[in-house]
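Residues annotated as transmembrane segment in Swiss-Prot, with sequence analysis given as evidence: 35-55, 71-91, 116-136, 142-159, 166-186, 200-220, 248-268, 270-290, 308-328.
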Amino acid sequence: MVTKCIDPCEQQNQKRPVGHLVWDLIRISRYDKYNSFLALFSGVWSTLLAGALKLRNEPESTSVSFVLSRVVLCSLASYIFSGAGMVWNDWVDRDIDAKVARTKDRPLASGRLHTMEAMAWLIIQVAASTGLLYWMMEGRHVWISLVPPAIGTLLYPYCKRPTAQKFGIYPQYVLGLTAACPAVFGRAAIYNHEDSFQDLINASFPLCLFVFVWTLYFNTAYSYQDVKDDSKMKINSSYVFAGQHIHLFLVLLTGLVLASIPWVLHPLQSGWLWVSWMGVWSVGCAEQLVRFNANDPHTGGLVWRRNILLALWTIFACLVEVLLVWIHQI
């Protein structure tokens, strides 16, 4: 008589309640945390800034309700696409994550989630986010706009390998470029019929640059939390480039972040945004740099959380700008 041997993880998956599966799918996409918020910030900012600009210059061709509807669509599309990217990252890194204290309990790394389940979930999310973009952008410039973030998402986990470091490539570069791309979606949500794709790129570039250097800054601090485990496995990250000068490196990046804000704000000519964005970010970034301690890697997590709060505040500031412009037009 032949007895069939069943893998413990496979047996666990077979007996697992549906509720546990759903929760693991939520966790693998980071929908239980604020990580995926990173993907929606640039798109929401871009939509609100473009909406405020159009309300000021062409008030008869748009409305506050239209701008807000585009914000919702852009947020959902970016957030869901980011969730798919998280699945891809965890699938590629599942063996590495199993050896790192902070990530060993992730659904794929721990074996609770089967790879086929993860891939099916990834496809569902990509299809949903693409459908939302088609709706928001009315079918124009969708595929060409999706190419950069799709390539960045696919490459990101591989940029953490030692081989990438040999070519001077760090994962934060790719993550920054990917996080900046939704700014094009946001601009297209408002000016899709008026602007060519090149016009959309040109108008979005200042915000894309800001998001790129901002992501490089806070993700360098965030990934520094894993410096001990990452060093053992030779994981590539921008803090490796900084070495013992990690604090000085973060100061330099903060300077670039703040220097790029005026370029973003110039077309709006808004005193409110200068105070609520430039002013608040200057104070916030200074506070982060004071509290970051290179000898305590956990303070990198504090920098990450502070930047999420700054980003949420900036959504509020941009929303107020839209309302101020609308009130002025009444």
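Cβ atoms here come from the backbone N, Cα and C positions, even for glycine.
Keep in mind that what you see is a predicted model, and the values were worked out from it rather than measured.
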Long-range Cβ neighbours of the transmembrane segment (248-268) (under 8 Å; 6 or more residues past either end): 49, 52-53, 206-207, 209-210, 213-214, 216-217, 220-221, 238-239, 241-242, 274, 277-278, 281-282, 285, 288-289, 292, 303, 321
Intrachain neighbours beyond the transmembrane segment (166-186), with Cβ under 8 angstroms and 6 or more residues off its ends: 38-50, 70, 74, 77-78, 85, 133, 136-137, 145, 148-149, 152-153, 155-157, 159-160, 200-201, 204, 207-209, 211-216, 219-220, 223, 236-238, 240-241
